[in-house]
Amino acid sequence: MPATSQQQVGSRGRCAALLLPLLLLSMAPRPGNATINIPSKYKIRDLKSPPVITAQPVSVTTFSSDDITLTCEATGNPPPTFRWVKDGVEFDPSKDPELSVSRDSGTFSSTAKDGPIHQYQGRYNCYASNDLGTAVSNEARIVTENTPTLQKEKKVAKKVEEGESVVLSCNPPNSTVAPVIHWMDKKLRHIQQNDRVIQGRDGNLYFSHVTVADSRDDYTCNTQFPSARIIVLKEPIKLTVVPSNSVVRNRRPQMMRPTGSRSSYLVLSGQNLELECIVMGLPSPKIQWIRKDGVLSESRTSKDSYDRVLRFKNILESDSGEYQCTASNPQGIITHTYSITVEAAPYWTKEPKSQLYSPGETVKLECKADGIPSPEVTWSINGDLLTDIDPEPRRSLKHGVLTLNNVELSDTAVYQCEAVNKHGSILINAYVYVIELPPQILTEDVLMYSVAEGQMIELACETFGSPRPNVTWEGETLGALASNPRMRQLLDGSLQISNASLDDSGQYTCTVSNGKITITAELDVLNKTVIVKPPLDLRIQRGKPATLACEYQVDSRQDAPQVQWRKNGQKLTESSDSDKYMLDESTLIIPDVNEEDEGIYTCEVITTLDVAEARGSITIVDRPDPPTQIQMTDPKDRNVTLSWTPGDDHNSPVLEYLIEFEETEYERKEWEELSRVSGNNQRITVSLKPFLSYRFRVIAINDIGKSDPSMYTDVFSTPAAPPDSNPEGVRSDSIDPGTLLITWKEMDRRSFNGPGFEYKVMWRKVLGSGPSWHIKSIKSPPLIVTDVDNFSAFDIKVQAVNEMGEGPEPKSTIGYSGEDYPLEAPLNVAMDSINSTAIEVVWASINRETVRGLLKGYKIYLMYYGPVSRREHFREGKPSNISFVVTDSNEEKKILGDLLPYSHYALSVSVINNKGEGPQSEPLTFRTAEGVPGPPSSLLLDSPSETEMTLHWTPPTQPNGVLKGYILRYQQVDKKDSSMQIENNFDHAVSHVSLKLDPQSRYRFYLRGYTAEGEGLPIIREGATTLDGVPPSNISLSTGETSVNLTWVSKERQRNVGFFIHYLKKDGKGTWKHSERVNSSQSFYTLQGLQSGSEYRLKIDFKNKTLWEDEVQTEGAKVMMVRKGFVTESWFIGLISALVLLLLVLLILCFIKRSKGGKYSVKEKEEGQIDSEARPMNNEGFGEYRSLESDNEEKRTASQPSLCEDSKLCTDDALDDYANSMQTEVIMDESLASQCSGVRDVPDPGTQESSPLNPATSISHHGLPNSAALLD
């Protein structure tokens, strides 16, 4: 069932008034033998329970030295009492002083003593009883035996000849407990066994044949009884093997154990069985086992002791049958047959169950057992045989089923079922507890259930009571459930809703009618999960990436779903093969597809409430394999039939087949396409051309591409034939005068159709030459005929011929001989002005004889000399631009447009034929009329104040006449219906004008020039006056450690203005400072030179007024100002400098002394002790340095008068001390630097109780001089 969700949102079940009876689903009638299981959540006090035996007594075999314990434990309420029955007679262990009885159970035990224990041997049953019945234990047996002892034996000595068989007997003590036997020597080492020497299950040691090496006198049988904890050592046996005087004679196999040819075994199912096959013979026989009536199971059997033992573990009834052992050596074969019969002690096939029942129910206790032979089954009640109890009409026994009809409280008892056959007995207890219990609802109240649309949901209403409570369900909406086939009540009281819909959401009430107890359940039906874009069926090539998308839609009230991909039903994970699959949210990507990736892919979108799935597939497609078995059939002169067998299409059907051919006798061999046929055809008849040698191949084509070509066929040659066609494109391409050039498109050589191919060219003049043709044969075009008239018409035709004959009769066409240049120019060239930019040119028709060719048209040359105002170009006769226009042959006039007004031009006309252009006519000069000017070249706007705008312009580049002046029009563009204002005309020499305008409006200006012909095109500009600028006030701040960045947005239409940024540190000290001059158009400025971690006030003043003010704090740690101390005093600096200089002098003297080899007086060093406080260099600064030296400082001697010798600086340790002093100087310098920078906090000198240079009161800082410590 799909998962549902529920959670508790209220309290326990409660008594409540019924809702409207919308649905009454009653508990279905339960079967007559229904039982009661008290749930763990059912609340009841001191419920009685029948006795149940929890620990059964176990049969034991015991020796006089062993403890005896029979266990019997049981549960029940009230606690049960125990009694024992031995061999059918009451037995009270508490009355036996040798037995101790457990206080809380029926277990009794006996501690091992020297006295006899045989009186305890027998069969025991334990009975556990309370108010509700009596339970009986399984039967347990106590078997007592005497402790095995060593019997007096005679020493055994055996003497045999080499090669004979021998048996060394063990004869262990008699006991029902099988001993563990070991054959050992006197040093307790095991006798080595092999396929010649084997220990049998009877304990004897068997030799199939003996060797001289077997002789020894300490063959000892050790018998161990683990349960008795004793080992019995037998007398050693002496074996003497007499060497044979001749070659030892081989012996055929003979059975040693078992003897004879057959033996039988009876074994119980579940036991272990070992079949022995110990044989004599020389050489040692080989053993083989078979099952005569079937196949020997390798899994059910195993071989041991060099195949001499066939072992069955946990034998089954199916193992019954005949088995055979075959022993063979070169002298012969012997067999032995084992007949195995497997029987079984009783075992249960159907057991009765202990149950609780309500009064009036029918109880059926079914008890069935099986075994070999079949057991007898008997029933008892509370330990008394059913046959010994008075009959009861409500009680019946049939086919092993004990039936109790209409049970009552008095029927509560423990019923025993016992099965017995010759191999033993088994007993089982089952109680029938008839009880009345008040009804309760065990399900929590106000549970919230969630289910996806279309799924099944069960609203739980677990109840318990005896008799079983009657449960009803009610819905919240009227008439919604009464006839709804999707809702039904289950036997356990739950309400099952199938195919849930959104309308099923709401509250449901479960009521126990006989107890007036109710609970409610809230059902929330969520939209079902839908896959909106399922994975596709992909057909993809090997090695390419595949992407399977799976887009889904989930109810927003659900958690994010899990997307699981499966391939052919098996889960796919990204981690299982990181190189194979990649998961991108709900998309599966296979980067490199191969054959293993083919299959059905399922996308599962799994939520807590439902699962949506969709399938796609990946099919590996590829180019088809090439066709095979290409065959040629039905050959003819002009065609042949090809057939083939298709190759594998690799999951992409063949669309068509391509038939290619190759000419074998052609120098440049290459394959060419001959034909194509659809993919469902495997044969084609191809048309061929004569006099060619072909071989063919076939290529298959599918959606992926072309296959490799098939194997090519044998060569197929067609016979020669006359040409089937004539050349195409026959024409005259005559160029030179007096010649006729006949040419055509050469025929493909495959159209020659035979040997000796050539072209037969025929021509004749159209007029005056008669019907006769001039004929000439050539191999290739063109053919040139000379000495003909210029531009004369000829009939021409070309025919293909070869040695087999001529081609079809060709059609003739008209061609002309070559042309010459025209002789004359057109006459009477004139022009007429249409307007300032267009003219019409006319001329007289040309004499066609002077054209000397085909008249193609006329060419009009137009030469531009410039505007009228620039006459120098026209006077010099040098046009600045030349253009031409070509007309048709039937035109004798032409209109020329797009001329420039008020300009000088000239024109001439010439004749054109196919040869070229003839002479030009005499140039005709003219001047175009005046026109309107073009727009002014530029127009610039400048605003010197808020109410004034100045316009600057430059003249038009194309005045197109005499420029008279300018006209200015303007209007407001940000106001509707504003009128156009016109300024007076300006002289052509004026280039600027100033206007008084509204500072709040934007204007559009139109400026035009004008000539005598009128106004020209305008130049248009928009703009507004510029307002007086002010410094910005909308400033954004961002801070650094020593700077502040100020940014602002400059206002439109405002003139740039300069200002200063004033700043003041907010520590109560200092004065206002200001930045350099800043322009309002910058939009950004960085104020630098500030201190980190400090607060500042910023402001901008303009015209004695503060426009903007703000506060800011720089980043970083705040710089603390250092109070002035003695370290900055000149006397202290001088003292330190003197000390350093003195140290350098002493160091130099020390080096000089050491270099001269100075020595110390040991005596004076020992006697003359000088107090360290009285040293010559006892100044407080240096003394402080010495006070931090090591405690084991050597004392100085007074025998050396030298200052260097009196000082410790002359020793090797002094050099180290000097290095330390140098370190002190470095630290001191750093400290001074830090004090000057004001970064570190230092103690106030005024708080020190004594001088900072006093060694007695200075504070040590990690071994550094106090001067350095104070500075740091």
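Even glycines carry a Cβ here, placed using N, Cα and C.
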Checking 298-336, 610-648, 1234-1272 against TrEMBL, the stretch recorded as region 'Disordered' is 1234-1272
Checking 51-144, 148-231, 346-433 against the domain 'Ig-like' (439-526) for Cβ pairs under 8 Å, the most are found for 346-433
For the region 'Disordered' (94-114), the DSSP residue counts stand at 2 helix, 6 strand, 13 coil
Same-chain residues at least 6 beyond the ends of the compositional bias 'Polar residues' (102-112) with a Cβ under 8 Å from one of its Cβ atoms are 55, 64-74, 79, 82-84, 93-94, 120, 126, 128
Contact call for the domain 'Ig-like' (51-144) and the domain 'Ig-like' (528-619): at least 3 Cβ pairs under 8 Å, seq gap 6+: no
The predicted model's mean pLDDT over the domain 'Ig-like' (51-144) is 89
